[in-house]
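A short worksheet on the structure shown next.
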Amino acid sequence: MLDFFTIFSKGGIVLWCFQGAGVTQSFTGPVNALIRSVILQERSGNNSFTHDALTLKYKLDNEFELLFVVGFQKILTLTYVDKLIDDIQLHFRDRYKNELVQKGALKFLNHSFQFENDFIKLLREAEYSSKARSPAHMRTFKESEKSQKTVKSMIETKGGDKGKDQGGKKNKNTKKEAELEKAEQHKSSFSVQKTVENGNQGLTSEEIMQKNREKFFSKRMVTTAVKPSKSPKPQKPRGKKMRVWAIGGTSAENLDYSERNGDGSANDGDQEAQSDPSMQLSSMEGDLLSVDYDSSEEEEMDEERVVVSETSKPNSKKSGGFGGMFGMLKGLVGSKNLTREDMESVLEKMKDHLIAKNVAADISAQLCDSVAKKLEGKVMGTFTTVASTVKQALQDSLVHILQPKRRVDILRDVMEAQSQRRPFVITFCGVNGVGKSTNLAKISFWLIENGFTVLIAACDTFRAGAVEQLRTHQRRLNSLHPPERHGGRPMVQLYEKGYGKDAAGIAMEAIAYARNQAFDVVLVDTAGRMQDNAPLMTALAKLIAVNMPDLVLFVGEALVGNEAVDQLVKFNQALADHSMSDRPRLIDGIVLTKFDTIDDKVGAAISMTYITGQPIVFVGTGQTYNDLRNLNARAVVSALMKA
């Protein structure tokens, strides 16, 4: 039933393996895929992984740095696999504990682990226990009691049941009548001593006076509550005070820039870009700068103290002064194995913190589960707290997630395309209003600064003003890099066919034009579309499938939280569904825009990278062409973990 079972160290040394009877295919491919896609990417929150026709289940042993992996066909439903992995982990640890304590590659290589007999025994026990717990088979009609009854017996039984029911009803009625009689007798005896309803017969004079007093006081209280209170005197409304802005001018004439530029010269539309000081941009030649975020060590220490104090509050309530000191020492001193219960409160606070920083709720839970599995059973260091250990593990996981599996070096790829005498094609896609055209212009400026010629394909034939926006960017970019400096050839050109045309056809014509005119890069601007709009998603999938761009970039806002997950999942799903090949072309990278508007709520970067596994290639940090950065994983994580 099992295809394979293997035990190996985190260093990659296989300690023992088992291959099922009749299985000839090597299991190195699925295991390597598990390591590459799950273990190294910090996605071990779920203990199951699917690769082609196989389902792999795994368990981490953090104390001895081991992995236990079992593989079987995914069409099978094996209920005993989880129990089998747990039993084998405990049995293997107990049997080879002395050898596992002496960690080291040479120790593992020199020692042979004979575990096959124990494995077969545990496998049979697990299979037998699953069979014993299997549901009972349904009885046939002949085995049931109903098959033994005849029609006559069924009729007689039915009549007898009716009689019994009637008798039972009579018995019930007689009981009810007896109870009613007893209640009436009790009422009559009680009425002799006390009054009947709505009367004062039988009451003494003192009781009648007391009753009247209560009625009087209750009426008095109601009347006083109903009486309206005196309304306060109306206050005179305060007059509106004029707000004085700190950066405001003293006169309207100084604020009027309609007739002159910032330097005092007359406004000339032809020389707008050259005379505007804001357009005198710094050079962006070479690689982009990284996003920086200042986080001092004092802030990190303060945050850690807050987390430790919060986790120690429940213990301090239960015990006194000496008990609180002992509890604090117990929490600090290491050399103990971490359990899930020890980390539960800290992980819950960490999950709430991530959600507050704009990380999607599902991804926050998966990250915390992954950290718990990574630390469970691990031996803590001396004088380290649980909170600091969990926080450090979460930081390492987040940095690992943000660092790309593959480096996207656009400048190198453009040079390689130049050697093949073809243009390098980048397609931009995303929802409405995230800044696709603006960031396309920023990337154009960066490419021009590095000496590449750019052709912009205006494939947004839906939104009014989309072509005019790109034409404005083209004019400004050419004014920053005049054709006279480059042999009379403009560095940026716009390829457009107006509105209402097929976007895939325009992109194909633009790529052919760029090949004939020897352009280095083609940037394809597409229309914004919501992820639920099926016709527009089909058109996007067609554009990508027909033209096969070198890079497909998803442009997303840094402001979104859970919506980022939905957008990326549905964009990838639409590209896969409407593709004409067995291996569809999905999103290759992410452009994160409006990063300057979110302060330290940078969780969208984690959500987007975690859900796609693709790197964040560019980060937009402002409105000018210079405001384009690379992602600095450690700076983003420090902003994310800041309290």
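Here the Cβ of each residue, glycine as well, is placed from N, Cα and C on the backbone.
Feature list (source: TrEMBL):
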type	residues	note
REGION	133-208	region 'Disordered'
COMPBIAS	158-187	compositional bias 'Basic and acidic residues'
COMPBIAS	188-204	compositional bias 'Polar residues'
REGION	221-320	region 'Disordered'
COMPBIAS	233-243	compositional bias 'Basic residues'
COMPBIAS	272-283	compositional bias 'Polar residues'
COMPBIAS	294-303	compositional bias 'Acidic residues'
DOMAIN	615-628	domain 'SRP54-type proteins GTP-binding'
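Remote same-chain residues near the domain 'SRP54-type proteins GTP-binding' (615-628) are listed as 278, 281-282, 284, 288, 291, 402-408, 410, 435, 438-439, 441-443, 445-446, 477, 480, 553, 589-596, 605, 608-609 (criterion: CB distance under 8 Å, separation of at least six residues from the stretch ends). Sorting each residue of the domain 'SRP54-type proteins GTP-binding' (615-628) by its DSSP state yields 0 helix, 6 strand, 8 coil. Per-residue pLDDT, averaged across the domain 'SRP54-type proteins GTP-binding' (615-628), gives 90.
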